[in-house]
Amino acid sequence: MLYSQKACPVQPHHPTPPRPLHPPHGYGDDGAFHCTLTIILENRHITETMLLTAGRLSKVLQLTLAVIKPDAVAHPLMLEALHQRILDNNFVIVRCKDLVWRRQDSERFYAEHSGRFFFQRLVEFMSSGPMRAYILAREDAIRHWRELMGPTKVFRARYTSPASIRAQFGLTDTRNTTHGSDSVESAQREISFFFPDFCVEEWMEKDEPLFRSGQIHFDHQKQIHTLLAQS
């Protein structure tokens, strides 16, 4: 890949996790709940936040790509709020990294729009600064993430989905804060583009059953969910 990349930076520890600027809507609609498990190991108290999801046990998790665009990453408080919004809406963060695209990367990713009037503007914007990419997992993850983002057009989002990310944080139809895959096929293609070392098929076969059964915890240093066996 041509773009530079780095893992998500370590976030400062907060005694109380930062809350989004606007409270999430629909939280807990899949039966998920969080609990804190205190483990005593070598006289040290280690608190792990575990996601226990009774509603997921019978539903296969789906993967999707989520991108926080340069307009949001440029504002640390907004980026932190969006990261927390993802967690509050019961998504499992499988991968996360910050990266900067060159113009060539942006042109390749949006090649299907090359004949559209907004292509040059979009290409320039997406290569204008750092962005953050996620692989998210949840049952019906593609639909849930797109609903959380809201409509592409910011003014429409404010009218029809006022609680959505784009309604609350978007500036224009190009600077609309986030991107998300729109189908299973595009999710696989886009995940491969942003995370070339990640194999969707292998994760679905080996890791998905373990993630689905709740054998995970949130790694605050890496800012992703990991299997308990790997912690």
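Including glycine, each Cβ sits where the backbone N, Cα and C put it.
TrEMBL: automatically predicted annotations, no manual curation.
Per TrEMBL, region 'Disordered' is recorded for 1-25.
Annotation source TrEMBL lists compositional bias 'Pro residues' at 12-23.
The annotation domain 'Nucleoside diphosphate kinase-like' is assigned in TrEMBL to 61-202. The average pLDDT computed for the domain 'Nucleoside diphosphate kinase-like' (61-202) is 97.
Annotation comment: TrEMBL describes Lys69, Phe118, Arg146, Thr152, Arg166, Asn176 as ATP binding site. There are 22 other CB atoms within 10 A of the CB of Lys69 (ATP binding site), with all protein chains counted.
In the three-state DSSP classification, His179 (active site, pros-phosphohistidine intermediate) falls within a strand. Sequence-distant contacts of His179 (active site, pros-phosphohistidine intermediate), defined by Cβ-Cβ distance under 8 angstroms and a gap of at least six in the same chain, are Leu65, Ala66, Val67, Lys69. For His179, the entry in TrEMBL reads active site, pros-phosphohistidine intermediate.
In this view, the densest Cβ surroundings among the binding-site residues Thr152, Asn176 belong to Asn176, judged by other Cβ atoms lying within 10 Å. Ranking the binding-site residues Arg146, Arg166 by the number of CB atoms within 10 A of their own CB puts Arg166 at the top. Proximity of Phe118 (ATP binding site) to non-local residues of its own chain (separation of 6 or more, Cβ distance below 8 Å) is seen for Asp173, Thr174, given in sequence order.
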